[in-house]
Amino acid sequence: MESIKNQLIPLLKKNWTLKGKSKIKLLLEILLPLISIGILFGILYLSMIITRDFKERPASGFAFDIAHTKQLLIGSNGGLNSDQRNILDNLKLQVSIQHPEFSNDYINRCFVEFKDIESMDEYFHDPFNYRGVMGGVWFPDDSFNGNTIKYSIRVDSDFTHDNTQQFQDREDSQIYLRHYFTQIQTGVDQAILLTNQIAIPIFATGQRFPNPYISFWEKWTDGRKLILLNTGGVFITASLFATLFTLITNIVIEKETKILEGMKTMGLNSFAYYISNSIISLITLLSSTLLVSIILSASQLVHHVKWITLILILIPYSITLLLIAFILCKFFTKSKYAGLMAFLIVLLLSGIGIIIGRFNISPTLKLLSCLFSPIAISVANYVWCYKDLIVFKEVDINVNMVNEYEIIGMLVFDIFLYILILWYLDNVITGEYGIPKKWYFFLTKNYWRKNKKSNINNNGVFDVEATSCNRNSSYNEKNFEKIEHQLERPTISIRNLRKEFKTGDGNRIAVNDLSIDMYKNRIHSFLGPNGSGKSTTLSMLTGMIEPTSGDALINGFDIRNNIDEIRKHLGVCPQSDIIWEQLTVMEHLEFYAALKGFTNSNQRKVEATKIALEVGLGEKLNAPAGTLSGGQKRKLCLAIAFIGPNSDIILIDEPTSGLDASNRRLIWDFILKYRENKTIILVSHYLEECDILSNTISIIANGELKCNGSSLFLKNRFGVGYLLTISKEHNSINNSNLTKTISDIIFNHIPKGSLLSDAGTELCFRLPNESIGNFSNLFKELDDRKKQLSIENYGISITTLEEVFLKIISNSETNPNFNQSVLNTALKTNSSGIKSYQQLKGLLIKRVKTSRKDIKSFVLSILIPILILAGGLILYKNMRTIDIYNTVTQPLILDFNVYGKSVTPVSIDKVNETMTSLFDNSIGHSDRTTLVPYDELHDYLIHHYFGVPGALYFDFRYFKNVKFLHYNVFFNKDYLHALPIYINFVDSEILRSVTGKRIQTTSLPFEHIQSPLEVASLDVNFVAIVFFIILTLASFSLIAASHAGNISHERSTRVKRLLYISGLRKSIYWLSNLIWDYLQTFILVIFLTIVIIAVDDKFRTHFDLYISGVVLFTFSIIPLSYLMSFKFSSHGKAVGAIFAIHFGVGLIFTVISFILRVWAIKENSISFQFLTDIIEYCFYAISPFFCFSKILAIVTKFPGVSRVDQSFIDYWSFHFGLLPNAILFLHCIVWITWILLIDYSSEIKGKFTISKLFSNSPIPDSNEDSDVSNERIIVKQLLDNNTNGGSGNVYPIIFNNLYKKFNSVGNYKSKIAVYNSTLAIPTGQTFGLLGLNGCGKSTTLGMISGEISPTGGKIKLNGYDLIKNRNDALTSIGYCFQFDALIGLLSAREQLELYCRIKGVDESKIKDTVNAFIQMMDLESISNSNTSGYSGGNKRKVSLSIACIGSPSILLLDEISCGVDACVKRFMWNVLMELKKNKAIILTTHSIAECQAVCDKLTIMKDGKLQALGSNQHIKDKFGSGYSIEVKFKKEYLENGVELFLQSFPSASLIDNQHALSASFELPNPPNNPIKLSSIFSNIEQSLKFILDDYSVSQTSIEQIFIKLTKNSITNIDN
């Protein structure tokens, strides 16, 4: 627990810092929950403020309404009889009394008589009549038989309620007030009373029951029932889980980039990791939770469930969501779709919870379903809504309801269950890296007791010695140094360790039964060719990959069962950088210091500062890691490995890869300083590095241990004397006769000598020990004939480690093949000319193969959209149709008995004798009424809201001095027909009290006359259409976003850039992607088309409109997504963001359009429709998703696309199908054109370049080197004479006054990367760029390749101006980036085939060319495996091969030998010597030996400026000061070796800090008294041989000159 506590604080600080670095993401995490819950409350608030009308409204007014251009239809079978006509006359009388100004003719025209009901129906439905008809009255044949007067009121069926229904909770009786029903009813009733001599003017009004939802919480009832009950759980889940979207993406990215496993290898406790992420996430998550609970409770949306109960539900639910996020992360290895998929899964579960909450299943089953917490929250949402609604009987009683406390219990149980699941999955699912435990691990004793394996003795070591285990086919006991038994026990013991990988060619053995021991205070180096198993061994020791067999002990713990204990003591610097680009150097070091044992914050800060200074990052402490150069990142990773008091086992893989000579020596000193009390395993390809640093060296080839021992042991075992290295002048490289002459001279003096290698300018000879007496004579002759033999210099040393390595590897199968015929096939197969169709073929093959290999992503990108679309189709065909108007014409007698035996409260205002008598004789006579005092009526109705259909209030009112009997009908909203029934009841009772007769009123609706909107809605399920359109937009948004993610990935990994530089036409790149992505998208289109045509005849009928729309839509959304991808560098983030934009914009535009269009139709407003058209034009122009949704709506006849002035007939008219299709076509053109304009921007700018647009390059320094100044003169003459171009191009590369300044961004200051460089490089020359990290080498190559735009200056390639004729200038260039731009899902063979087609190699030659490169680079064994699994060195081989394909005239090689072994490096030198015969090559390197071996001319750069320029010898002559003597002392002379050496060479001086046993001296060579090499060798052999293990003598080396010239560089601030 102590370790968890110690790690928790730094993890929290790291996570919080990372969260705080991205202000936008943090803001979104806070805003997204608010937006989600805000949308819910916006909808709910609208439902609350759109309240019912509670005002008193007139139910009378017949005479007033009919007089305003309205007609009343009246009739009876055979015509009106006398009684019926009396009623008609009294109706006319009412009009004439109300409007005495109207003539009788006018009044008569207001009434239309009919003799049969069919004629009345026909008249009503005539389009020319129905707008002027207020309704009709029909008298049945028995209308005046007996004591009942019968008549029927006829209005449009949509102006009444469904006569077959008596109750409903969404409508009320106000519809009868608004559409003249009650006006006709009261008018006819008044006429009947007059006919029966009852001359009481009656005025009726209607009013909804007083709102029973008095309290604020009650006002939410409608929204609570319609919205919160059905969608609340999903909204709450969405609002809370949105906070975790970033967490999921970041965790999966940490897995993907090996950062997570890197932390684990250095002791990270998984529990601490999850706890720290939980705490940081819970800060925002719980804030959102508290906010949601406060909103729900404070708004009183949730009322009967207390706030504390809400908190007790939402907090554990938030925790379960967090745990679900962690669990889902275990199943994602790529960040592409992780966040989005997790979000959809959780929302889906929450949606299922809505169904379960409402479903009448047993409480036990409901609680069991709550094991999925998103289901639980939806069930809880149902419970708290239910509690608030049951008060008003708004929901039916559910006997299977669970209570909120049971749900709280389940959520708490879920927390513990999910923790258990996470613990289990964390052990058995490790992803790509890490060792998974067996599924039954928790049942084993080893897991709980941490037992050692049986072959380990009590001292924590293996019983079997390592040497007895190494018994492979190539085993030779003499090659293994015996370990002194007095040494302490080994800290690392490896026994029979083996690892096999499955590849395209079957199983490949990476490590073959390795057995070895390592000890404290010692550095153990692994040497071997690329892919020999070195990094794989380290990965097994750190637990990143599982051994196939064998075991290893580290500090007594075995790696199979106790890896967690081992990791507490590890410091690891892997081959790839495991850093967060947002964190600073100091933040990295402080974090890992805390992770590895420093508990005091001040101590961490001091240690971090100290170690940063020692690795040369002192002034970068506060710089984000993303701004560091490649070499600086390696320094940071090395510092991370060493920091911490518990790091006593250090594993470092290529620590100085990419570092210049000066910084490399700095790192050597650092490693030696920190070696004490540590066991260090070093993997490196710098043999000098291993020689200087290592106590023990193991050489591995083909996964087998070939030898093991100290450097001296290996040299004595494999060396047979001295190594003579002769550097020839560059003009004699291909002179085989010269090589023979030099060899003859040497063999004449040393008959037993042998030629070891002839690579580039370098000749290496083996001179046996017994011939040492002949050395002086040999050196004397070489000195005398130095010019004649074209020898620049020579040196001699005792057997070097490099020689040992080359000798051992030369006997293995890993040696690259310099077969001349193979070389010619590979390097001299020229491009036959770039062909568009060939490039297109290559790119399409690439997409097919990457999709096939990443089948999970491919299936998900297709399957998920298909599933979403399938859901839309299911809803479209199966969702219940909702009628938007009432079609029921069945008659309904408006009788009080419709609502049973309910008692009606009656109130009388101003009680007097007349009113009392009227009440007693009429309504009061009924046993269905009860008298309630007026001042108590309001409260009575509120408290008796349920179960009372209506109430009555009576008083007398005056209008124009006429006294009226007024009664107000209070109607309950749930009783659909209450208002006309109560009017009938009152009027009938008044008639009965006087005549004994009753009135029977019947509602007999006309068949509904459909409006244009309703005509458009015939047989249309508009709710189903809305869901179908939404889910269709979602599916296409997702697939379009997934395609954009691929583009972002290729751009961020620079694959796209390399393709362009290799000659790919940009239009072909986009065409290939469009073709493949269109094909993939059309899988979705075909699925949609087949299904929708099969199930819906509308799509069959209008197939032309649908198919044109979906095809144009597909053609438009892909390029739009490509365009949007330019703003993203991460695949996962691109997919998530682009999906949200596509779907969100399309959905919002569609909803707005539908609302506006429906409003225009309902209001029959041409002007509003015009405004809607303008808005839609804008939507069309912005979003193709809106265009397609409109087409779907048109085909499905959605009412929201109808028009006021146009019949919905012509599907291809302008405003219907034509316009969106035309706009979609324009979208295709616009987005593709926009992409090409962006991509071709450099070419376009070049065509219209104005020289003034370029900044003037800075004026060269006054003290500029004379050779650099002379080069400016030469280049100016070349440019003035236009010496370039044509097939005979002499200078393929010319750049003049080249200048690049990076402007300041944010906190980063502006920087001049290249000051003012001028060079001309002819064909046949290899030009070397040397310089410190960050001096401008890679920037120079970037400008030459066109990747970086220069700030000023001019570049000419192959005779063409790069700015003005970009395409021609870049026609024949090969580029090898500093960081491999390889497609991880393709093998070496597949990538080479791709670039052969890109560069125009003839199809018939591709196979042979690719085979030649694979054979030449020794890649046969892995040629069919994906390059993502290659070692760094093998990746460099592939990258160099790509650059060389097609025999380009210009090669730009950036650190080509970085990370490759010595054998391959020498092979590359030979390749370069062969290549340069007809090419101009620029090589950047940190290997001085490489520069000397292959470069005809070189420059040393410092702070963007050229400091020296010329051949190797010229620079040595100009800046050197004599001879350089490098020595390695015997151990016993470590203290006084320098002093003894200076005694023998008094004029010498120590020119570099001593590194362990190695030292470098400078010996002046004055021109007036020159010293011969032979005399130096003689002096060493006679006076110093006894104190030296090794030495070499040469002219002052380029490396020493390099260190001298770059000593005060601002890019080398720490030196």
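Here the Cβ of each residue, glycine as well, is placed from N, Cα and C on the backbone.
Here Swiss-Prot flags 30-50, 233-253, 278-298, 337-357, 365-385, 405-425, 855-875, 1022-1042, 1075-1095, 1106-1126, 1174-1194, 1218-1238 (among others) as transmembrane segment. Residues annotated as domain 'ABC transmembrane type-2' in Swiss-Prot: 182-383. Marked as domain 'ABC transporter 1' by Swiss-Prot on the basis of sequence analysis: 492-727. The feature ATP 1 binding site is assigned by Swiss-Prot to G528, P529, N530, G531, S532, G533, K534, S535, with sequence analysis given as support. What Swiss-Prot lists as domain 'ABC transporter 2' is 1293-1528, and the listing cites sequence analysis. Residues or ranges marked as ATP 2 binding site in Swiss-Prot: G1331, L1332, N1333, G1334, C1335, G1336, K1337, S1338.
The structure, with features from Swiss-Prot marked on it.
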| residue | record | DSSP class |
| --- | --- | --- |
| G528 | ATP 1 binding site | coil |
| G533 | ATP 1 binding site | coil |
| L1332 | ATP 2 binding site | coil |
| K1337 | ATP 2 binding site | helix |
Segment proximity, the transmembrane segment (1106-1126) to the transmembrane segment (1218-1238), 3 or more C-beta pairs under 8 Å: yes
For the transmembrane segment (1022-1042): best-contacting stretch of 233-253, 337-357, 855-875, 1106-1126, 1174-1194, by Cβ pairs under 8 Å: 855-875
Quick one: do the transmembrane segment (365-385) and the transmembrane segment (1075-1095) have at least 3 Cβ pairs under 8 Å, skipping pairs fewer than 6 apart in sequence? no
May I ask for the distance between G528 (ATP 1 binding site) and N1333 (ATP 2 binding site), taken between their Cα atoms and rounded to an integer number of Å? 26
Other same-chain positions with a Cβ less than 8 Å from the transmembrane segment (1174-1194) and lying at least 6 residues past its termini are 1025, 1028-1029, 1032-1033, 1036-1037, 1102, 1105-1106, 1109-1110, 1113, 1116-1117, 1120, 1142-1143, 1145-1147, 1149-1150, 1152-1154, 1156, 1200-1201, 1211, 1216-1217, 1219-1221, 1223-1224, 1227
Sequence-ordered list of residues in the chain of K1337 (ATP 2 binding site) that lie 6 or more positions away and have a Cβ within less than 8 Å of its Cβ, or none, is L1329, L1330, G1331, D1454, T1484, M1501
I'd like to know the mean pLDDT over the domain 'ABC transporter 1' (492-727). 86
With an 8 Å cut-off on Cβ distance to the G528, P529, N530, G531, S532, G533, K534, S535 Cβ center, who else from the chain surrounds the ATP 1 site? T536, I700, A701, S1431, G1433, D1461
Least buried of the binding-site residues P529, G531, G1334, going by other Cβ atoms within 10 Å? G1334
Mind checking which residues reach the transmembrane segment (405-425)? Cβ under 8 Å, same chain, six or more beyond either end. 274, 309, 312-313, 316-317, 319-320, 323-324, 326-327, 330, 363, 367, 370-371, 373, 376, 379-380, 383, 442
Spatial separation of N1333 (ATP 2 binding site) from S532 (ATP 1 binding site) - C-alpha basis, Å: 29
Near K534 (ATP 1 binding site), which residues of its chain come within a Cβ-Cβ distance under 8 Å, counting only those 6 or more away in sequence? F526, L527, G528, D653, V683, I700, S1431
Cβ packing number for G1331 (ATP 2 binding site), 10 Å threshold: 29
CB neighbours within 10 A of G533 (ATP 1 binding site), counting all protein chains shown, number 27
Local Cβ density at C1335 (ATP 2 binding site) - other Cβ atoms counted within 10 Å: 28
Among N1333, G1334, C1335, G1336, S1338, these being the binding-site residues, pick the one whose CA is nearest to that of S535 (ATP 1 binding site). N1333
How long is the line from the C-alpha of P529 (ATP 1 binding site) to the C-alpha of G1334 (ATP 2 binding site), rounded to the nearest angstrom? 29
Here the Cα-Cα span from S1338 (ATP 2 binding site) to N530 (ATP 1 binding site), rounded to a whole number of angstrom, reaches 24
Spatial separation of N530 (ATP 1 binding site) from N1333 (ATP 2 binding site) - C-alpha basis, Å: 24
For G1336 (ATP 2 binding site), which residues of its chain lie six or more apart in sequence with Cβ-Cβ distance below 8 Å? K1300, A1313, V1314, Y1315, S1317, M1501, D1503, G1504
Counting across all protein chains shown, how many other Cβ atoms sit within 10 Å of the Cβ of G528 (ATP 1 binding site)? 30
Tell me which of the binding-site residues N530, G531, G533 ends up closest to G1334 (ATP 2 binding site) in space, Cα to Cα. N530
For N530 (ATP 1 binding site): intrachain residues, at least 6 apart, with Cβ closer than 8 Å: S1431, G1432, G1433, N1434, R1436, K1437, G1459, V1460, D1461, V1464
